[in-house]
Protein chains: 2
Amino acid sequence: MARVYNFSAGPAMLPEPVLAQARDEMLDWQGSGMCVAEMSHRGKEFMSIAAQAEADLRELMSIPDNYKVLFLQGGASSQFTAIPMNLLHGGESADYISTGSWSKKAIAEARRYCGVHIAATTEDTKFTRAPAQAELDLSADASYVHYTPNETIQGVEFSDIPETNGKPLVADMSSTILSRPIDVSKYGLIYAGAQKNIGPAGLTIVIVREDLIGQPINGTPTMLDYKVQADNDSMYNTPPTYAWYLAGLVFQWLKGKGGLSAMGEINARKAKRLYDCVDASSFYQNPVDPTSRSWMNVPFTLASADLDETFLKEAKAAGLTTLKGHRSVGGMRASIYNAMPEEGVEALVSFMHEFERKNG
Amino acid sequence: MARVYNFSAGPAMLPEPVLAQARDEMLDWQGSGMCVAEMSHRGKEFMSIAAQAEADLRELMSIPDNYKVLFLQGGASSQFTAIPMNLLHGGESADYISTGSWSKKAIAEARRYCGVHIAATTEDTKFTRAPAQAELDLSADASYVHYTPNETIQGVEFSDIPETNGKPLVADMSSTILSRPIDVSKYGLIYAGAQKNIGPAGLTIVIVREDLIGQPINGTPTMLDYKVQADNDSMYNTPPTYAWYLAGLVFQWLKGKGGLSAMGEINARKAKRLYDCVDASSFYQNPVDPTSRSWMNVPFTLASADLDETFLKEAKAAGLTTLKGHRSVGGMRASIYNAMPEEGVEALVSFMHEFERKNG
């Protein structure tokens, strides 16, 4: 079968040139006679791959020198635990902004380790917007402030970075990282599961200001201690080497595309094209406040939920897959991460027009 | 370059037919138009891959129905934490058998959560043997007994399963799993990092008797709670999907080779061939008690450490790589996991004979 346009929210599409290179190197990476997955992580071949990936990520994101970049396992869900364990610093509470399903998960896990003060929540409006700065009720004794810049399920995104009056700002950027330029210096810690904009599932990136690590609470698992991971260059134990390699290929691909400024322009165009299609129609609807709409995840409903099954079936036949919305929201969701080409969005828009014409 | 015989202790060689299939499916898994790494873990394609891999592993290892099989992240090092967290069951101590570098790591982490009683240690003889059953000093109040059937660094292996008088036996089988038939019913919990006999780094298998889970200590990270992972079929969050898929291909390959009985015969032959070569020579030496020698990791020293560099250089030129011993032991180490073909061992033995002839 031809390659499909896969709108999965994650694991998501990977750039085809990255897959082609991985395929070509599968039995022999650059004359080594080995697949990257077979290499000792302590050998010079993999060490060079790992170092290049970190250097490319630092360049792409302009990561300041006083930040550590960690290549970890366990997904964002493991970071939900690691963040309070590492960043409470003797404090007893943290501020969390609640904007959807993923911030709620982060909050539930943090509550097992500290007091959580909800600095703002948009649950009363069904998580269809990001709160404004003026709505934030930050507490004086919070050790840090956590938020989710992009809520993958609700398709809600912050357009500005919250101001925290000097408190370390912590962001779950699983669905935002690498989608556009980000000012890392505004953050204390950024974390992201790889399976959306970075690479395959099983790798988690943590970017953390180095003065914030080294004071974990008692009982922090060694593997969740950022200082241990930083001191060991993310090789306290065997890292997910093949995922790290694929992420490195994605970073090279992004550099070839012109970096994050170029990606930001492309992603803005892709999102606008899709929201314009939804807004120009009374057949499709998106419930999110236009100022808070995600560039990465575009949920939409059809005029009648009875048409959902037909829409999904016909879309799949047209090579447009994984469009079913999350069960908590219903309808459809088109996730359009970096690896989704503009042609894929164009194909979806054409399909949506045709589907509306036949069923509207 | 031609494929090399790679004697890495992990990440280790993968079967060439597995790599070839992964290569061929990289851009399109079975007509799906997607790489497995791009698939939603909730979609029917990946769900079928995941279920097949578990079914094949259960068949290969004859895993009884009252055991859960978990596909996790974080390596054996994360299990060093998870085991006391999940298996103390209100108790305050556990028995650990200390036979080398990896049991010491497991012990150090467990001590952060409970009392550790050393039921036996062979450190006085530099970890060159496994203790006999009669040497085990098991304590009445231990919640479980932990041991390391194969010490990867020292090349030491238990020839028998310790008898624990009904206490759950916990085994770090990272270097033993799938190398031969294992009676799973003798164990409370088996865990193994994938990067030796299972697949790529970034996947960890846990096989646990289901009556042992569901009583984690306070503060156990949700991701380390076996009950949560079991109740969610290892998909509480996004699992390492591509690694899971590659492991599944390895399981299929093992079935095609005749399963674990056949692999056990092959592995016994490979190990005997190499130890015979070492023992027949006064140029090479292995310090391990012959009854405790590992089938998987064969450390050996040369007559003079001054020859180490030449040996490694000439071996590499002959397509025999990653033979350097662990820095704590010195000399050489040949790891000969399932994916190392008998031809690879034959090539190493020939090289060793020739090297001895020239330098002995």
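Heads up, the Cβ atoms here are built off N, Cα and C, so glycines get one too.
So that you can see what the record holds, here are the features copied from TrEMBL:
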type	residues	note
DOMAIN	B:4-348	domain 'Aminotransferase class V'
BINDING	B:Arg42	L-glutamate binding site
BINDING	B:Ala76, B:Ser77, B:Trp102, B:Thr152, B:Asp172, B:Gln195, B:Asn237, B:Thr238	pyridoxal 5'-phosphate binding site
MOD_RES	B:Lys196	N6-(pyridoxal phosphate)lysine
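Spatially close to B:Ser77 (pyridoxal 5'-phosphate binding site) yet at least six residues away along the chain are B:Lys105, B:Glu109, judged by Cβ distances under 8 angstroms.
Residues B:Ala76, B:Ser77, B:Trp102, B:Thr152, B:Asp172, B:Gln195, B:Asn237, B:Thr238 are the ones the record ties to pyridoxal 5'-phosphate, and the longest Cα gap between any two of them is 31 Å. For the recorded positions B:Arg42, B:Lys196, the ranking by surrounding Cβ atoms (within 10 Å, all protein chains) places B:Lys196 first.
Between the CA atoms of B:Ala76 (pyridoxal 5'-phosphate binding site) and the residue listed as 'L-glutamate binding site' there is a gap of 26 Å, rounded to the nearest whole number. B:Thr152 (pyridoxal 5'-phosphate binding site) and the residue listed as 'N6-(pyridoxal phosphate)lysine' have their C-alpha atoms 10 Å apart, to the nearest angstrom. It is 9 Å from the Cα atom of B:Thr238 (pyridoxal 5'-phosphate binding site) to that of B:Arg42 (L-glutamate binding site).
Under 8 angstroms separates the C-beta of B:Ala76 from a C-beta of chain A, among the recorded positions B:Ala76, B:Asp172, B:Lys196. Around the Cβ of B:Gln195 (pyridoxal 5'-phosphate binding site), the same chain contributes B:Gly10, B:Pro11, B:Ala12, B:Ala201, B:Gly202, each under 8 angstroms and 6 or more positions distant in sequence. Long-range neighbours of B:Asn237 (pyridoxal 5'-phosphate binding site) (same chain, six or more residues apart, CB within less than 8 Å of its CB): B:Met223.
Rounded to a whole number, the C-alpha distance linking B:Asp172 (pyridoxal 5'-phosphate binding site) with the residue listed as 'N6-(pyridoxal phosphate)lysine' is 12 angstrom.
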